Amino acid sequence: NVIDRKPYPDDENVVEVKFARTPVMSTYLVAFVVGEYDFVETRSKDGVCVRVYTPVGKAEQGKFALEVAAKTLPFYKDYFNVPYPLPKIDLIAIADFAAGAMENWGLVTYRETALLIDPKNSCSSSRQWVALVVGHELAHQWFGNLVTMEWWTHLWLNEGFASWIEYLCVDHCFPEYDIWTQFVSADYTRAQELDALDNSHPIEVSVGHPSEVDEIFDAISYSKGASVIRMLHDYIGDKDFKKGMNMYLTKFQQKNAATEDLWESLENASGKPIAAVMNTWTKQMGFPLIYVEAEQVEDDRVLRLSQKKFCASGPYVGEECPQWMVPITISTSEDSSHAKMKILMDKPDMNIVLKDVKPDQWVKLNLGTVGFYRTQYSSAMLESLLPGIRDLSLPPVDRLGLQNDLFSLARAGIISTVEVLKVMEAFVNEPNYTVWSDLSCNLGILSTLLSHTDFYEEIQEFVKDVFSPIGERLGWDPKPGEGHLDALLRGLVLGKLGKAGHKATLEEARRRFKDHVEGKQILSADLRSPVYLTVLKHGDGTTLDIMLKLHKQADMQEEKNRIERVLGATLSPELIQKVLTFALSEEVRPQDTVSVIGGVAGGSKHGRKAAWKFIKDNWEELYNRYQGGFLISRLIKLSVEGFAVDKMAAEVK
């Protein structure tokens, strides 16, 4: 914080600014920013001065983040029972920024799209993103800044913890976001997808030289880290978890700590074998598949459980199968939102007796989809769960977890894809945005795979059949009393129908796009992505030119990004080339080029080939631009993940 500011005696064009002394801190958390900015400011209820700095003339766009930050500081202060240690916190938007944000102590830097919200032109998902990133970075002010990891090996704990608690904080500020269900779709399933690969890595990786750090920053550190902390929090219980956190932060403030130090504090607070359990999740890669079958014995249900490592490449074959200590919860249709039983599975096989379960009741593992494992039910058990999906008596996060497990078991060749698509029919009455969003991703992956076969048209028809009833229920315009999640669902469903070429959706999208471009009726921010995507995919060179013109005119980075992400939907080979050239032009910020190329690769079969060729032809420039950072690996992942033949695998290698 500034303690003095006065004209410099020797030169009247210069001002001398004097800052207060910092706490004892790590050097990677020091930041200076020099530039022309506007700002908005407020005081949090515990007296901290909060400011959000924006580009000149955009102070209004800092208000949303300011509100979130002012609510978040007191929330963390109460949660950790440790006050925020500085008199001020500044949040500032940086024009060109590779990461999403960086938690410098008292001066947090952000991408514009992770901080700025324009009430008229920002969509619901952008608000949610800003709230999460602000929550994440402010959590680091305690966890990471006040107590810093002793070496980069323990970095996962910093990031995993902040990636978990950002959701706790957003849930506190915006209960209507149903954010914990979204966590499962955004972080948990994403981490499982990566961690099932043979070339995954443990959460905890020993780091030799600090230059390796960027390579280690991936969805395993962030998302698997956050998921196992969520599982740990559930296993310990909130009260003891808070107590342990407070012990840890108090003991190590303004010092360094290692992962083991946190386990010790949590063990002392809870009396549970935290280190023993957690080591199985952080020091070995992968996670288990729990196979379960049930038998009715008089009034009781007897369950047989076994665990094996889950592999994306098929059933585990190997000498020594790794084992996990798995906190398992079991619920029944009698009370679907509370665990009937909790156990710690610490061996390969287990039998469990559930007392007083009637033959017509279903039994489900992994209540709330909190445990970091996948479940494979016997056909009889799965069959009995379907009515719970149909009549929505199974909670949303459990419906989501169930279909996600099924899709990934089918991708691994463990069960039949036909069986999974049959289960889809049970989702006809699904009202929940996050469940649809996850379903939609899974159908998308399947549809990419089927683009290598003769069934691509059929899967498009299937997608239209699955999404048109909900599309008709929702319509195009918000109804009174709708909220955040309805807006997200409408955008998702219309985008899915438009992309698949659903006739009525396509016609309406074209009509609204024309009105938007002519300035008759501006599209609401939540409808822009689906409409842009639909008209581009089924449009021509003129459509693309209009989109590029909208991009040039857009004043907000959010709108530019929104357009950049959908350009790849375009289908003709020469227009695809035009989009790829545009990706490397001055018009696109280097941090965003990757999403344009990725969009082309994911947009169509031809796009996939063209994007890969473009990367090979421009490799030198791309490599020089992104080497050593996480954007290079994102570029490769996005551009090659749609291929499915050995010949391509060899070429990519």
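Using N, Cα and C of the backbone, Cβ positions are placed for all residues, glycine too.
Computed from a predicted structure; not experimentally measured.
Per TrEMBL, active site, proton acceptor is recorded for Glu137. Per TrEMBL, the feature Zn(2+) binding site maps to His136, His140, Glu159. Per TrEMBL, the feature domain 'Peptidase M1 membrane alanine aminopeptidase' maps to 64-281. Among the features that TrEMBL reports, site 'Transition state stabilizer' is placed at Tyr222.
The structure, with features from TrEMBL marked on it.
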| residue | record | contacts (Cβ under 8 Å, 6+ apart) |
| --- | --- | --- |
| His136 | Zn(2+) binding site | Ala101, Glu103, Ala162, Ser163, Ile165, Glu166 |
| Glu137 | active site, proton acceptor | Leu91, Ala101, Met102, Glu103, Val108, Tyr110, Ala162 |
| His140 | Zn(2+) binding site | Glu103, Asn158, Ala162 |
| Glu159 | Zn(2+) binding site | Phe217, Ser221, Tyr222, Gly225 |
Worksheet item: Beyond His136, His140, Glu159, what residues of that chain have CB atoms within 8 A of the centre of the Zn(2+) site's CB atoms?
Response: Glu103, Glu137, Ala139, Phe143, Gly144, Asn158, Phe161, Ala162, Ser163, Glu166
Practice prompt. Around the Cβ of Tyr222 (site 'Transition state stabilizer'), how many other Cβ atoms lie within 10 Å? Please give the count over every shown protein chain.
Written response: 22
